[in-house]
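Undergrad: Feature table excerpt (TrEMBL):
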- 44-62: compositional bias 'Basic and acidic residues' (COMPBIAS)
- 180-383: domain 'Cation efflux protein transmembrane' (DOMAIN)
- 401-464: domain 'Cation efflux protein cytoplasmic' (DOMAIN)
- 1-62: region 'Disordered' (REGION)
- 175-196: transmembrane segment (TRANSMEM)
- 202-226: transmembrane segment (TRANSMEM)
- 247-268: transmembrane segment (TRANSMEM)
- 288-307: transmembrane segment (TRANSMEM)
- 327-347: transmembrane segment (TRANSMEM)
- 353-373: transmembrane segment (TRANSMEM)
Amino acid sequence: MADRIGESANFLAPLNARTEQSHSEPDVVQCASKQRRAKTTKSKSVDKYPEEHETDMSQRRLSHGDDPLWLGQINEEPDELNFLLGRVVKNDVRKIRITEVAPLHSSIREDEVVGWRMPVEIFSSKKQVDVKHKSKRVRSYYKAQDELITAFEDIALDVDADIQPMNAPNHYKKAFLYSKITLLINLLLLTAKAVASAMSGSIAIISSLVDSCLDIFSGVIMWWATRAVKQRDPYNYPQGRTKLEPVAVIILSVVMALCSIQLIRESIEKIIHLSSSNDISSLPNVDYVTFAISGSTVVIKLVLWLVCRREKSPIVQALAQDHRNDVLSNTVAIVCGYLGSKNFMAVTNIYDFAYIDPIGAILISVYIMFNWWQTGSEQIKMLTGHTARPDFLSKLTWVCVNHHQEVRHIDTVRAFHFGSNFLVEVDIVLPEDMILRDAHDIGESLQHRLESLPEVERAFVHLDFEFKHNPHSEHKIV
């Protein structure tokens with residue numbers, strides 16, 4: 001305990017430590033014991049400190065968050081004193097002021113103060129270090145368990161509560177920035193692909209051009225969605241407009257699927273035409289210029305995908321997925337376009353390779369349609385209130401259990417999607433004879449703690465005095 005205190009503060013001192021300071025040593029206050037050893041040392045004189053200066057010396061108890069105690073109001077008995085934590089003001093010979101105290105969430109508090117909390121160490125000891133020799137399913141299980149334990153440790157250190165409120169505005173700023181950058185780059189790549197498609201005539205490259213046109217449309221939709229989310233309207237939309245993000249993704253999924261179906265139709269018609277006639281003049285012409293244009297598109301899209309995939313915003317994740325699709329589709333378009341071109345046929349003299357170009361276009365279209373179908377179905381789950389994962393419910397339960405020592409039981413923990421994030425409902429049981437003010441403070445602070453989690457959109461805390469009732473009887477069943 002002494003080592004932990006020494007790392008976080010300059011000294012420990014009792015309330016009656018009215019130590020006379022000199023000009024040469026203004027910073028030092030020695031640590032005194034709580035026991036009666038204080039009687040063995042002779043108290044130093046306090047006559048040098050005028051009465052008016054005593055009222056300037058504000059101090060707070062270590063384990064409580066109550067009002068400041070003034071030195072003039074404290075008894076002289078050492079047994080009745082509490083230890084305080086703080087730092088002395090430098091170059092001040094008149095008074096000693098406690099300017100920094102241990103916060104309520106500090107890890108340096110006395111053990112008996114936080115003895116009611118569930119110790120995180122009992123979970124930390126369960127982390128697995130060496131699981132390489134285990135099977136794949138066992139490794140996956142331990143990985144999920146270690147991630148949950150890490151979440152418990154972060155909550156115990158108040159990591160999420162400290163950083164999330166400040167990062168929330170940056171979340172939408174980054175999404176807005178990436179949407180604008182993607183839109184500008186897609187406009188440039190659209191022009192380059194149009195040139196490559198006109199020069200080659202490859203249907204695989206044309207499918208890549210259509211995909212770029214859809215990228216422009218998706219960029220406009222994403223830019224509009226992020227702009228609308230940032231412009232809050234508390235009267236018409238009291239809870240914000242964050243649901244516009246999944247709605248925009250669903251719209252894009254439908255448009256992408258329809259365009260992919262049209263490309264598949266045209267590719268099948270091209271295959272039928274090639275099988276009915278050996279017209280070499282209808283084959284595409286893929287030269288070095290076409291290779292350079294399509295290759296630069298792959299490189300640019302690869303860089304954008306690596307940048308966007310690190311962000312957690314649904315809009316930026318949708319953009320990252322679109323960039324990844326472009327990397328794969330353009331690569332397939334280049335390979336299939338060349339294998340089905342006049343240039344490759346002049347080398348091999350095999351006409352059957354001409355079918356590779358429309359087959360590549362079909363593969364690109366099916367891949368894009370399948371990926372956007374998956375994305376759209378996930379967003380539909382979010383809009384329809386799909387339940388949260390069990391590990392996230394465990395995280396919420398951990399927060400509630402360790403919130404306050406007066407919480408007797410956790411009745412209900414419920415979380416479901418409210419757009420991209422979750423709406424959380426918890427029922428906690430407090431003592432039956434607790435006054436309303438104390439119960440309100442406990443419930444409201446728990447609500448703020450839950451809403452500080454990055455996944456939580458809104459949290460509701462219900463206070464109860466018993467837990468034997470049926471939770472479903474409190475609300476109507478829908």
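From the backbone N, Cα and C atoms, a Cβ is placed for every residue, glycine too.
Keep in mind that TrEMBL annotations are predicted by a computer and have not been checked by a curator.
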Undergrad: For the domain 'Cation efflux protein cytoplasmic' (401-464), what's the mean pLDDT in this predicted model?
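TA: Summing pLDDT over the domain 'Cation efflux protein cytoplasmic' (401-464) and dividing by its length gives 92.
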Undergrad: Of the stretches 247-268, 288-307, 327-347, 353-373, which racks up the most C-beta pairs under 8 Å with the transmembrane segment (175-196)?
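TA: Counting Cβ pairs under 8 Å, the winner is 288-307.
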Undergrad: Cβ under 8 Å to the transmembrane segment (288-307), counting only same-chain residues 6 or more beyond its ends: which ones?
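TA: Answer is 178, 181-182, 185, 189, 192-193, 195-196, 199-200, 202, 205, 208, 319-320, 323-324, 326-327, 330-331, 333-334, 337-338.
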Undergrad: For the transmembrane segment (247-268), could you work out the same-chain residues 6 or more beyond its ends whose Cβ comes under 8 Å from its Cβ atoms?
TA: 203, 207, 210-211, 214, 217-218, 221-222, 224-225, 314-315, 318, 358-359, 361-362, 364-366, 368-369, 372-373, 375-376, 379-380, 383
Undergrad: The transmembrane segment (353-373): which same-chain residues, six or more beyond its ends, come within Cβ distance under 8 Å?
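TA: 202-204, 206-208, 211, 252-253, 256-257, 260-261, 263-264, 266-268, 270-271, 274-275, 283-284, 321, 325, 328-329, 332-333, 335-337, 339-341, 344-345.
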Undergrad: Under an 8 Å Cβ to Cβ limit, what residues of the same chain, 6 or more beyond the ends of the transmembrane segment (327-347), are close to it?
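TA: Non-local partners: 200, 202, 204-205, 207-208, 211, 280, 283-287, 290-291, 294-295, 297-298, 301-302, 305, 353-361, 363-364, 367-368.
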Undergrad: Could you put numbers on the helix, strand and coil content of the domain 'Cation efflux protein cytoplasmic' (401-464), residue by residue per DSSP?
TA: 17 helix, 28 strand, 19 coil
